[in-house]
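Visitor: One structure, pasted below without further comment.
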Amino acid sequence: MKAYLDLMRHVLDNGTDKSDRTGTGTLSVFGYQMRFDLGKGFPLLTTKKLHLRSIIHELLWFLKGDTNIKYLKDNNVSIWDDEWADENGDLGPVYGYQWRSWPAPDGRHIDQIANVVEQIKKNPDSRRLIVSAWNPALVDEMALPPCHALFQFYVADGNLSCQLYQRSADIFLGVPFNIASYALLTMMMAQVCGLEAGEFVHTFGDAHLYRNHFEQAALQLEREPRALPVMKINPEVKDLFAFKFEDFELEGYDPHPHIKAVVSV
């Protein structure tokens with residue numbers, strides 16, 4: 001995961017001081033890209049321990065089209081805890097709703113994920129293999145507008161690759177989760193479409209380090225990356241919406257210890 005440490009170092013060396021919505025303050029750069037070859041291991045950060053259980057459950061929650069935190073809380077996942085949700089646990093029309101039930105002007109609801117699976121199978125050379133979570137008409141109704149806003153798939157030589165555009169990226173806390181989540185989604189999509197996983201390409205708009213994460217970032221940069229783990233996925237699952245938590249097994253994960261940091265809200 002040298003690419004991730006390079007991003008962190010680049011922002012510390014070249015970032016611009018910016019104010020932000022949370023009042024914390026950041027060092028920020030605009031426009032940056034990382035690439036991960038999924039054939040060389042699962043890109044789960046090794047310079048600090050990550051909670052893979054949360055990453056998997058959140059992705060399954062997105063794919064269900066769910067926007068209530070009950071499923072997450074039932075599975076001890078606190079990514080979208082009560083400070084984001086209303087009194088009923090609802091987050092508004094966030095990721096899952098846009099992915100699975102994008103509202104069209106004529107009253108239809110478009111399942112972008114199902115559509116893109118169908119198109120990958122039927123027309124793999126299409127340049128329209130895109131899913132968007134950024135719906136300008138509904139942004140103000142969301143607990144948090146989508147940070148990972150749009151992703152596109154690409155098929156070449158039997159390999160499926162994915163590029164994510166992330167408009168806003170909390171480098172220390174959020175980005176490691178985003179890398180693992182979209183890498184896993186790419187692997188799942190590849191399996192159900194009869195392809196191999198290719199690359200995950202991570203493109204950023206505003207990539208930033210919060211000021212209250214500088215010490216943690218410095219500690220992480222002192223650590224040497226270790227060998228990437230391997231993600232095993234149940235090969236019997238051929239329906240993207242049939243995956244369960246038990247269908248995933250991580251092998252060979254040997255990270256450095258966890259580093260605590262405060263989320264800026």
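In case you wondered, yes, glycine gets a Cβ from its N, Cα and C as well.
According to Swiss-Prot, the protein has these features:
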- ARG21, ARG127, ARG128, ARG167, SER168, ALA169, ASP170, ASN178, HIS208, LEU209, TYR210: dUMP binding site (BINDING)
- HIS51, ASP170, SER264: (6R)-5,10-methylene-5,6,7,8-tetrahydrofolate binding site (BINDING)
- CYS147: active site, nucleophile (ACT_SITE)
Visitor: Need this for a regression test: recorded positions HIS51, CYS147, SER264, filtered to those with Cα within 10 Å of ARG21 (dUMP binding site). What's left?
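Guide: Near ARG21 (dUMP binding site), where near means Cα within 10 Å, the recorded positions are SER264.
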Visitor: Using only the residues recorded as binding (6R)-5,10-methylene-5,6,7,8-tetrahydrofolate (HIS51, ASP170, SER264), report the maximum Cα-Cα distance in Å, whole number please.
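Guide: Answer in Å: the longest Cα-Cα distance is 19.
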Visitor: About how far apart, in whole Å, are the alpha carbons (Cα) of HIS51 ((6R)-5,10-methylene-5,6,7,8-tetrahydrofolate binding site) and the residue listed as 'active site, nucleophile'?
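Guide: The Cα atom of HIS51 ((6R)-5,10-methylene-5,6,7,8-tetrahydrofolate binding site) is 20 Å away from the Cα atom of the residue listed as 'active site, nucleophile'.
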Visitor: If I take the alpha carbons of SER168 (dUMP binding site) and the residue listed as 'active site, nucleophile', what is the distance between them in whole Å?
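Guide: For SER168 (dUMP binding site) versus the residue listed as 'active site, nucleophile', the Cα atoms are 5 Å apart.
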Visitor: The record names ARG21, ARG127, ARG128, ARG167, SER168, ALA169, ASP170, ASN178, HIS208, LEU209, TYR210 as the residues that bind dUMP; what is their largest Cα to Cα distance in Å?
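Guide: So the binding residues stretch over 36 Å, Cα to Cα.
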Visitor: Could you say which of the recorded positions ARG21, CYS147, SER168, HIS208, SER264 has its Cβ with the most other Cβ atoms inside 10 Å?
Guide: HIS208
Visitor: What's the most sparsely packed of the binding-site residues HIS51, ARG128, counting other C-beta atoms within 10 A?
Guide: ARG128
Visitor: Reduce the DSSP letter at ASP170 (dUMP binding site) to three states and note it down.
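Guide: SS state of ASP170 (dUMP binding site) = strand.
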Visitor: For the residue listed as 'active site, nucleophile' and ARG128 (dUMP binding site), what Cα-Cα distance in Å is obtained after rounding to a whole number?
Guide: 21
Visitor: Rounded to a whole number, how many Å is the Cα of ARG128 (dUMP binding site) away from the Cα of SER264 ((6R)-5,10-methylene-5,6,7,8-tetrahydrofolate binding site)?
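Guide: For ARG128 (dUMP binding site) versus SER264 ((6R)-5,10-methylene-5,6,7,8-tetrahydrofolate binding site), the Cα atoms are 35 Å apart.
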Visitor: Over all shown protein chains, what is the count of other CB atoms within 10 A of the CB belonging to TYR210 (dUMP binding site)?
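Guide: I get 23 for this one.
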Visitor: Reduced to three states, what secondary structure does DSSP give HIS51 ((6R)-5,10-methylene-5,6,7,8-tetrahydrofolate binding site)?
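Guide: Looking at the DSSP assignment, HIS51 ((6R)-5,10-methylene-5,6,7,8-tetrahydrofolate binding site) belongs to neither helix nor strand, so coil.
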Visitor: Is it possible to get the count of other C-beta atoms within 10 angstroms of the C-beta of ASP170 (dUMP binding site)?
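Guide: A 10 Å sphere around the Cβ of ASP170 (dUMP binding site) contains 22 other Cβ atoms.
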